[in-house]
Amino acid sequence: MDFGPHLMLALLEGAVLAAVLALMASGLSLVFGVMRVVNVAHGEFYMLGAVVAWAVADLVGGGPAVGFIAALILAPLIVGGLAAAADMTILKRIDYDPERTIVATIGLLYVIQQLTLMGYGPEARPVAPPFNTRIALPWIEWGAGGPSVYFPWGLSTTSYKLFVIGAAAALILAIRLVLLHSKAGLVMRATQLDSEMATAFGIPVERVYAAVFGVGAGLAALAGVLIVPIQQAHYLMGGEALLLSFIVVIIGGLGSLTGTIVAAVLIGMSDGIISVFFSPTLAKILATLLVALVLVFRPQGLFGARER
Amino acid sequence: MSKSDHPQSSSRRAALKTLGAAGAAATLPLWARYTHAQTAAPIRIGFQKHATGIGAAYGRWYDRTSQAAVAKINGEGGINGRMIELVTEDDGTDPKRGAEVIEKFANQSKCDIAFGTLFSHVVIGSAPRAGELKLPYFVVSEGHHVASGMLNRWTLQPGITDVKSQVQAMAPFITDTLGKKVTMIYPDYGFGYDHRDNLVPAVQAAGGEIVAQIAIPPTETSFTKYFPQIPRETEVIYHVMVGPAVLTFVKEMGEFFGPSRPEIFGFIDSLEAVDLASPGLDFLEGTYFWEGMPRYLQADAPAYVTAYRDAVGIDANGASTSDPKDVSTAAHMFGCWETLHIIKAGMEAAGYSSTADRQALVEAVEAMTEMPAGAAHPQGDKLFNGRTHQVFGPQYISKVESGKLNVTHVAPIEDTLYPDEVDYTTQSF
């Protein structure tokens, strides 16, 4: 494959990864920003989103589009509700103590993973995409007789992949608008800035925490629903997604939504390009190296504010 | 009052005593039989199972097949009149855990032998420990590591053929019917290397050439980024993938090529435990697959094949009879069935009575040669090579027609044989 088309394919693949990653990492970043909780079980909520999407699509029937739309609505609600319940029954009882929440969410990770294995099984199961047309992409070549358009072998994407990129962008924009311009967003930001003062002003901080934990998990689940027609729902799929999300939020700055999105695009695109032209393993090596460099030279992340 | 109380309590005590004695008496024949005549105790077979990890889908079906085989053998009187008891342990599809499981079988759960497992890195990690513990280790892995001489005298693979013989039998078909310029895509670990190392000479010998080799880590989840490495001149894609993302792999391959795909030949491993009717797999129509044993019930299947399928619980499409979406690993799991029958035959030939006879068991299996197709060998006739500890058998090539796999070519045993690379019988025990 020529360099130009090859690069375009790499960018398209990278953009899909970046979109899903940005959505998922936003949830992780939101939970950390507001609650100061490092949620190690975040990857499992992503996995649950995919698994619930499969279950919903399987139960609803009535064609791929109906099943997918039902999953898109129900899966984040179910997973978010589950996470809010976990917050109220576990995290609240250990007073959101940083060390103990890490241990508790690790425990949650294994409980969710093994229950999924027991209930759903070890297979990777597919969900049919609502639409999936292969789109061959043209490329312009400057030959002797001026520019000419042709369709290079293998340069293609699918309409569903483009939809994932668009949907993730729209959802992230919606989160931003809610956080900046709604009462709920105001309450969340107030809790993030100073939870004691927020309590003094009559904000029910505990309920805000439960809601934020639920919304964070719901975002991961949404990412899971969006990816499941491309990949399949499998009980171990949360592991790598969690690692990449952590890489993204550390580089972007824990708690900073803008930083998370910039870092997701950076990591997603570089992963796409490096793994197409060199090797996927090198892409992972460079991403983790970047995390190490950020931690050494800019511990608050690229967009994070220093602790006051 | 107190007088009337005492008899009551003492009678309760007496009743308890009687009950206890009766209970002990009831168990007496069982344990008495075990201590005085050890041959009546069950034979304990340690089953290394991929219950978790990337091999879990295989583990589930290896378990079902093994349980079905044990039920059949026990129903027919067991081994030398002794029942088989499977002692199942999860190896996590992890070599380190695999070796620990072997140790547990030998030292803690007092198993007579060990039996298992598929993924080659787990087998390669476990076999040295089995050798040190002098524990017969029957693997169902299809890797070439047994016949290559990498392992030891205690490790045998009598129930499933190895990759080298499979690849060798496929190469002439690929170059004769599909094309001469082959690009191979394989998983980046032991099992994939068996394909890489054996396909190149086999295709060259058949008059073709390998134009590119693309290795993909078995834990990869997204594949489009690898496909640009496929050279334009490629006439045939040879693919073999494993792991939970195999469906994504095949689906993205279809999306990459679109309407102008080359010929495609795959090992069914790429779609094992995956429904061929899954969305996005339509492009596979007209492509070919190697199968260890046909997944779909063939029209000319003999009675012993249908009996085997019924016992394991798979329908005509190779899915579970209780859940049509639960597709089996039909091309590999027959190996568990056949291996357990070979263990039975070996133990009976060796007059196996206790763990002291483990060496005699290995020698008895080494002495085996021809194993005719039948209830114990539903996949077909087998030829066991005692020197290399490896079995040879027929290989199936199936074509996807109307979303089903129909066998179009059966490579006979003769096509799969190759010169010995090791003689384990010269090694000391």
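Keep in mind that glycine also has a Cβ here, set from the backbone N, Cα and C atoms.
Taken verbatim from TrEMBL:
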TRANSMEM  A:6-33  transmembrane segment
TRANSMEM  A:45-62  transmembrane segment
TRANSMEM  A:68-90  transmembrane segment
TRANSMEM  A:102-121  transmembrane segment
TRANSMEM  A:160-179  transmembrane segment
TRANSMEM  A:208-230  transmembrane segment
TRANSMEM  A:242-267  transmembrane segment
TRANSMEM  A:274-297  transmembrane segment
Within-chain partners of the transmembrane segment (A:45-62) [C-beta distance under 8 Å, separation at least 6 from its ends]: 24, 27, 68, 70-72, 74-76, 78-79, 82-83, 112-113, 116, 120, 125-128, 216-218, 220-225, 227-228, 231-238, 241-242
Considering the transmembrane segment (A:68-90), which listed stretch of A:102-121, A:208-230, A:242-267, A:274-297 counts the most C-beta pairs under 8 Å: A:208-230
Chain residues outside the transmembrane segment (A:102-121) and at least six past its termini with a C-beta under 8 angstroms from it: 37-45, 47-48, 51, 54-55, 86, 90-91, 94, 233, 235-236, 238
Leading stretch by Cβ pairs under 8 Å, where the reference is the transmembrane segment (A:242-267) and the options are A:6-33, A:160-179, A:208-230, A:274-297: A:6-33
Outside the transmembrane segment (A:208-230), six or more residues from its ends: residues with CB under 8 Å to it: 16, 19-21, 23-24, 26-28, 30-31, 34-35, 37, 39, 42-43, 45-54, 68, 71-72, 75-84, 86-88, 91-92, 96, 126-130, 132, 160-161, 164, 167-168, 171, 175, 184, 187-188, 191, 198, 237, 241
